[in-house]
Amino acid sequence: MERCSKSRSFFQDSRSRELDGYRKRRFITQTGSDFTEAGSVTVGHNGEETPPLAVSFCKTSKYSHILAVSDEDGYVSLFDTRTKFPSEKARISDWVAHQNAIFDVRWIKEDTTILTASGDQTIKVWDAQEKKCAGILMGHTGSVKSVSPHPTNSDLLISASRDGSFAIWDLRCKATSKTRCSVAHVTSTAMVQGAHLSSRAKRVRRGKAASTSITSVLYLKDEVSIATAGAADSAVKFWDTRNLKVQVTQASPNIKSSTEKDRRLHGISSLSQDLNGVFLTASCMDNRIYLYNVLQLDKGPMRSFSGCRIESFYVKSVISPDAAHILSGSSDGKAYIWQVNKPDVDPITLNTHDGEVTAVDWCPSEVGKIATSSDDYTVRIWNINSSYCSSTPKSQPAIRRRVMAIPREECRGHLMNDERSGPTKVPDKLLPSDEEFNQNNPPIPITMPIISTPEAHKKKFSPDSDSKETFEKTPEAAMKSPSSVLNPPSSLKRTIRDYFLAA
């Protein structure tokens, strides 16, 4: 796969998407018939079927139609979701990546490289085109359950293990040893043991130890913070990679049950975050998915979503890149889709699987395309039904959109810089529509500056205006805003840790 020619800033992408008055927008309505199954493929090798455990679409628009699937037998399979399923032409390639189950798979380095996390206690780095292992990350003493790359530096990643630890890795570090095939062995740059010890870490009934497994980990968008979740309880913990001696803070739902037996069952199976890193979801074993605002963690979950059954740690959920919808598997053989702004509305139900629906994923560049996997040995691709889409073009001056968690004055400065460089055409991204954000439901409590047309900005922010004085005060103003945690100005770098210490 070729590398993309040039990376783009968040502001350039937003400006090109939102100021293009002739681009058609689509949104998902509430009825289950909105989604149609595009096809399914049975996961298997050498005539034997095997359950898929993780799915992941490529992240760049050029390759977003390619889906990576890992399974219980240690294979990685790549599928072209543009090809009609089922068809052998849809399978691009597959190979044995581990001699054990692969619990997580991630794309990095502009979709040229794949990370695999396995039950053999290692993470491997793969050249996706050559199917060649470029490195083995060793150090965990239990199955590696989750892996998450750094949001901007593809050489950095974090992993979480059943041994109760999470580790930070740098692919640029010198290898400690090499295999016979000259594959580099890399050790972690930092590791935290016992990150999710419960109050019942002592012996429990029948002589079994309470679980200390870390089930999911996320590298947050502020580039220095980490979120972890475990099997022991429903707490999501947040860490600063610059000081891992103690967690920064943690967030958890208010558990109404008074019995310790019930509380014991409420571990977390997966975490996910939206494209801007403002919202985080946690799939809890109490059959609920909790939505957090990472800038308001002290308030607990903003909303919760129910309807699915999460009876095993293989059932995952993921928030859409635009934070408008949440997709989840379920132990009842169905997949569920909720609208974030309407948590009390019944979710869309996708029910063609014959076993527990486990890993799921959103396609980042194709609106309404999702993938679901199941214990029935199949992966199914779904598309939004075009007859249920809104695609009304709007004139350029009428388009106004929101950008999450961006300090107002810094946003203006970046937009002025982008105007000087000229508009650039970029691929479509998943963004919420006006109808979704302007419902009568309470709005999501985040300050969101408004982007208007280039002509309006030129008039409003001319060099002779008084805005120059305002820009000089940007660092001071940004320091007072919690939104600076995720998108700080260049002269001011703050993290989630700084925000909570200041509070």
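Numbers run from 1 along the shown chain.
Every residue, even glycine, has its Cβ placed from backbone N, Cα and C.
For 461-475, the entry in TrEMBL reads compositional bias 'Basic and acidic residues'.
As annotated by TrEMBL, compositional bias 'Low complexity' applies to 481-491.
Residues or ranges marked as region 'Disordered' in TrEMBL: 455-491.
Feature annotation from TrEMBL assigns repeat 'WD' to 95-136 (among others). Sorting each residue of the repeat 'WD' (95-136) by its DSSP state yields 0 helix, 26 strand, 16 coil.
Residues 100-101, 103-104, 106, 108-110, 113, 115-125, 185-197, 212-221, 223, 226, 228, 230, 241, 270, 277, 313 of the same chain, all 6+ positions outside the repeat 'WD' (137-179), place their C-beta atoms under 8 angstroms from a C-beta of that stretch. Per TrEMBL, repeat 'WD' is recorded for 137-179 (among others).
Marked as repeat 'WD' by TrEMBL: 350-392 (among others). Summarising model confidence by region, the repeat 'WD' (350-392) averages a pLDDT of 85.
Within the chain carrying the repeat 'WD' (95-136), a Cβ under 8 angstroms from the stretch's Cβ atoms is held by residues 1, 3-4, 53-60, 62-63, 66, 68-76, 78, 142-149, 154, 157, 159, 161, 169, 171, 175, 179, 181, 183-186, all 6 or more beyond its ends.
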